[in-house]
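Engineer: Dropping the structure in here first, questions after.
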Amino acid sequence: MAAGKEEDTKVHSHEADKETKGVNLDRILIEEIGEIGPYQLRILALSAIVVIFAAWGASEYVFTTTRISTRCLIHECEDQESAVFRPSWILDAVPESGSSFDNCRRFASINETVLGYNVCPADLFDRENIVDCDEFVYENTDSVVYDYGLACDEWRRTLIGSIRTIGTLTALPITGYISDHWGRRVALTLNAFNTAWMGSLRYFAGTYIGFLISEVAEATFGSAGFSCCYILLMELMGPRYRVAAGATMNTFFSVGQITMGFIAWGVPNWQYLTLTLYIPQLLTLSYFWIMSESVRWYMSKGRFEEAEKVLKDVARVNKKTLSEKSLQGLRENALDEKKRKAAEEAEKKKEPWLIVLVFRHKAILTRLAVSPVWWITNTFIYYGMSINSVNLSGNRYLNYAAVSAAEIPGYWTAVFLMGKIGRKPVLAGAFWVCAACQIGYIFMPEGLYGASLTLFLIGKYSIAMVMTSVYVYTAELYPTKYRHSLFAFSSMMGRIGSVVAPLTPAFAEAVWINFPFALFGGFALLSGMLVLITPETLGSKLPDTMEEASMIGVKKNNTVA
């Protein structure tokens, strides 16, 4: 009898061990504390505020460095103090350009006679000889173009956006190091607060070089706030809601861009706009106390008591019950995972370098060759269209807000369609629709403002679909063991597109007015074609090894891609 009881006890103990061995955070989220609830929604709301602020920081240079209409100062007829931007005699001294006058050139002077300011006859000028301006009259003083004398210097003006984007390249590794060593919350608070105070200091930038340094410093030490929020949210959201949560984060980034357009409309002067955007962001210092740390980060550092405290808070706020057995199982599973990773790292040292493994698997090599092209195209068109929207006909602020708003349905359309028709059709189709819009925009007759804007909005809607689907699809093409490294390579290469995008207005001035849209269309067309040589991943198990990744799509097709 006693032996029977002892045997039953062993069986129950064995079953309990099996139950606790299978416990991980995803299981606790699904079965006990809730995949989404009031606690996660609170984190989402706090993250949304930072994401909106991040969007302001990422896009403010579009308005603070915006092009200002200029003309030559005509010394024969005016001086700088008394100059009016559109005097009645302007076409006597300056050549026509479209429906207006040339911003950067004038007719050469026949003599230096100075006349009254309301008189400037055409016979003072040699209309066969057109020369560059030596001094300018500005339509307004709202942009740094006026303060730093950048009239007709499109390369130096647009370089500001590119230099800022280069700063974002260094932001991710710096933030990644801080996040892994001191926590997601510390990294988030530092990025958000650095954005606030460094952005506010730009008000005092007195020179072009000082302004450049301010932009790149803020981007380097503050532009990774979005990624910090994204990780914090993903690590506490249930598996079923992660894709939707990611699209929600992108949506709030677009909301930030929309509000940016309206704020810039209300506060057009760049210095006052800078203070309006950045001073409220000083409040983000409070996030160190009001935002919870990532449970997964606590567990990775062996700080199980703090991880359990957060989980108990989640259960309490979500009005759920969290069992002690699950907490014990989570702790044991985390320790086992840590040992497994240590063993993997030791084994990894014996393996060939990753680049050697890639070359041994032609399918992976093909994907590694084409996926960076998707990313470069994605960032180049996404940022390029936003930047060029302020140069469209009509109200620049409304144009920018409308183009930003067009992204939101694009994100959610991609989320819906990827699960219905697959990753490849969505990604390739979005690229090609975008390409068609760029080509259509180039050949659109002048004067059709509504039709041109519609094509532009559809193009931005399409590239927003690409933005969402390329993240999911690229991650699914690579094996778990090397996914982060291979994904990061494509993402890093994509930064090339975002660095070049701010220069596209200068390309338009130097080459052809529609040259940026020809580039957008060509890259989108090429990228859509390159999608066709990779396999569909919908319904496929995420691969763990190079061999498994190489076999994706083989059963459906005769060729491996």
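Glycine is treated like the rest: Cβ placed from N, Cα and C.
Predicted automatically and left uncurated, TrEMBL annotations should be read as such.
What TrEMBL shows for this protein is this:
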TRANSMEM  43-63  transmembrane segment
DOMAIN    104-539  domain 'Major facilitator superfamily (MFS) profile'
TRANSMEM  243-264  transmembrane segment
TRANSMEM  270-290  transmembrane segment
TRANSMEM  364-385  transmembrane segment
TRANSMEM  397-419  transmembrane segment
TRANSMEM  426-444  transmembrane segment
TRANSMEM  450-474  transmembrane segment
TRANSMEM  486-507  transmembrane segment
TRANSMEM  513-533  transmembrane segment
Engineer: Other than its close neighbours in sequence, what residues sit by the transmembrane segment (243-264), given a CB gap under 8 Å and a spacing of at least six beyond its ends?
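Structural biologist: Sequence-remote neighbours of the transmembrane segment (243-264) are 44, 47-48, 51-56, 59-60, 62-63, 226, 229-230, 233-234, 237, 273, 276-277, 386, 397-398, 400-401, 404-405, 407-408, 411-412, 414-415, 464, 467-468, 471-472.
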Engineer: Most CB pairs under 8 Å with the transmembrane segment (450-474): which of 43-63, 270-290, 364-385?
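Structural biologist: When the Cβ pairs under 8 Å are tallied, 364-385 comes out ahead.
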Engineer: Counting only pairs at least 6 apart in sequence, do the transmembrane segment (486-507) and the transmembrane segment (397-419) share 3+ Cβ pairs under 8 Å?
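Structural biologist: No, these stretches are not in contact.
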Engineer: What residues in the same chain, six or more past the boundaries of the transmembrane segment (43-63), come closer than 8 Å to it by Cβ-Cβ distance?
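Structural biologist: For the transmembrane segment (43-63), the list is 143, 160-161, 164, 188, 192, 195-196, 199, 215, 218-219, 222-223, 225-226, 228-230, 232-233, 236, 245, 248-249, 252-257, 259-260, 263-264, 268, 270, 273-274, 277-278, 280-281, 284, 287, 290-292, 386-387, 390, 400, 502.
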Engineer: With a Cβ cut-off under 8 Å, give me the same-chain residues at least six positions beyond the ends of the transmembrane segment (426-444) that come close to it.
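Structural biologist: 374, 377, 381, 410, 414, 417-418, 451-452, 455-456, 458-459, 462-463, 465-466, 469-470, 473, 514, 517-518, 520-522, 524-525, 527-529, 531-532.
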